[in-house]
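Presented below is the structure to which this report refers.
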Amino acid sequence: MQKPPQSIDFALKETSPKIGAGAVTGDKLSSTYDLVEQMQYLYVRVVKAKDLPGKDVTGGCDPYVEVKLGNYKGVTKHFEKKNNPEWNQVFAFSKERIQASVLEVYVKDKDVVADDLIGRALFDLNEIPKRIPPDSPLAPQWYRLEDRKGDKAKGELMLAVWMGTQADEAFPEAWHSDAASVGPDAVASIRSKVYLSPKLWYVRVNVIEAQDLVPNDKSRFPEVFVKAMLGNQALRTRISQSKTINPMWNEDLMFVVAEPFEEPLVLSVEDRVGGNKDETLGKCVIPLHIVQRRLDHRPVNSRWLNLEKHVIVDGEKKEIKFASRIHLRICLEGGYHVLDESTHYSSDLRPTAKQLWRPSIGILELGILSAHGLMPMKTKDGRGTTDAYCVAKYGQKWIRTRTIVDNFMPRWNEQYTWEVFDTCTVITVGVFDNGHVHGGAGGARDARIGKVRIRLSTLEADRVYTHSYPLLVLHPSGVKKTGEIQMALRFTCSSLINMLHMYSHPLLPKMHYIHPLSVIQLDVLRHQAMQIVSTRLSRAEPPLRKEVVEYMLDVDSHMWSMRRSKANFFRIMGVLSGLIAVGKWFDQICNWRNPLTTILIHILFIILVLYPELILPTIFLYLFLIGIWNYRWRPRHPPHMDTRLSHADAAHPDELDEEFDTFPTSRPSDIVRMRYDRLRSIAGRVQTVIGDLATQGERFQSLLSWRDPRATTLFVTFCLIAALVLYVTPFQVVALLAGIYILRHPRFRHKLPSTPLNFFRRLPARSDSML
């Protein structure tokens, strides 16, 4: 089914940035920054000062350094009463915005009234050396300070001044002139940073049995279950069927945990004594660092652990030692991949245990160049502003670009590299507005501007893709374009044989197939893994905030959405449209709409019946020719967010309002009632379709079930006659006669349904037994 093209405003655009790798596809340049445009910066590293003179009555000074270039001014922190201070701070001034010919570096003494000048050093910009990595860093030198008249002053300052690019190792930690308005407390929140997801493990707790439990009420049969707690995750077994003091369960409980292990596993054996009342019969605490790590499906050794019980005596907690025990198998599962993102666009499929990793098959290089047309995301001093930064996630590595302050057309020009272990993975790039640049309150959030997903298997090896991707965000009012992001992307394959061999391997590690987890289990564990990853990354410095991580991982992708359901229905129709088209074509052949084509099909059919060994080669040759024919129209660019496919551009406002509703709902009762009734009507149609499918299946079952004795008698008799006829008649003759009958001319057809179809529709189903 050919869908109409989406709006040109939401389409992908090919670009031609001035990057090192842009001229020749696959050119292996020595520069590590060949996917971005070079940006020139003037770097000033202020290391330390010595022999500074005292400026106050006590003979001490409170020194700091001011680096000034035209209208831009950077300031180091100041020290109290220190004549030999050390700063070791780097300042970076964008060459594009330099409007001065002299760099001025002042050493000042902080004072209550007015800061005193201790001395200064001046540098002519034409005399500053250039440095290109991988050259060694420029060694700082001592400069004698001079006063405003140019005479020598007391004290010396150690500095290094050079011209470089964003490839310089000083770049990420430098103070940038672009962010001169940012306060010292917020500088850390605008720097670029690389993060690593915590290493995640599944914890399997196989609760086997308990022995010698001591219930408080010995006059009743205990109803015992085991509750397991790991951090904020809580699971429990079912109530044991054996209602004795030696209950058995043999039940698995699965948790997600991240290294380093912070919380122990706490098991408590509990007795259900009333409707909502449980009594603890014993507890045990198991630190995870002593738990065995399992790499395959071989069972681990079971352990007996003593249960401890505490009682309150005279207001004090006392431990009772007794012989109750619990029998367990506990292991950290290293053979599974812990899913922390949606399986449809996973960026990593490797098992937890590093010993099981296969060698990498290549590297992925991403150049985040710039964005343009960004929308104002907040207001400052009565005008709209945006402080944009990018986050990219692939595998365990997250990167965050620096924040470009107050700019609707930010230029980052930062390049990053990832190892690739499987091409059937997806890299996600998101753009966000930094809500903490100007000292945002604790409740401030980083607003989402949009994101792009790119599947590596759709990329040609060693080709540089330079495109401008639309940034699309769905709002309750509809889909909005919030700007465009320009990126350069290259996948370099290190081993073609290994890459092609990957297509024969299962997508997930083998433990997922040997000991599969249920769909419900995987959903719960994925949710827990997402929460752990977002919590850990939000504790980094600067933090990768929870709302950013959740948006990148698509935390809410499993929630009900009428729009998404419609989109998935039409995707299914699109898949089936090929079969429907073949069916229509065959119907035209059978009805002789084009006699010449029908005659040719007759000839081909007769040849295949007479020479059946040609059937499979013909099918595969036909598929080969279709593939070669379609090669001319192969996609020339990576896929991107499609508003038509997502049904985002035609969604009803009420459907979008429902999609953005909280869980549980926060809407008024009349709206909830209307949506519930709408959902019931849709579910009623789905229920009818499922019932019709069940009816057709039950009719097939009733052919031989004697539910309708006359129909089964007719079918059994027909089967006997057919067996005898087919036994004495060559198969080719039967196939030839059947084919000619199906392809017969319309003159020999009539519009009534065929006899076999009439017979099938008369067969009984179990729908008449339904209440």
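Count begins at 1; order follows the chain as displayed.
Every residue, even glycine, has its Cβ placed from backbone N, Cα and C.
Caution: TrEMBL annotation is automatic and unverified by curators.
Owing to the predicted nature of the structure, the values given are computational and were not obtained by experimental measurement.
According to TrEMBL, the domain 'C2' annotation covers 23-143, 181-305, 345-469. Per TrEMBL, the feature transmembrane segment maps to 569-586, 598-631, 714-743.
Residues 589-590, 592, 732, 735-736, 739-740, 743 of the same chain lie 6 or more positions beyond the ends of the transmembrane segment (598-631) yet place their CB under 8 Å from a CB of it. Secondary structure by DSSP for the domain 'C2' (23-143): 6 helix, 52 strand, 63 coil. Here the domain 'C2' (345-469) has, by DSSP, the following mix of helix, strand and coil residues: 7 helix, 63 strand, 55 coil.
Helix, strand and coil counts under DSSP for the domain 'C2' (181-305) come to 7 helix, 61 strand, 57 coil.
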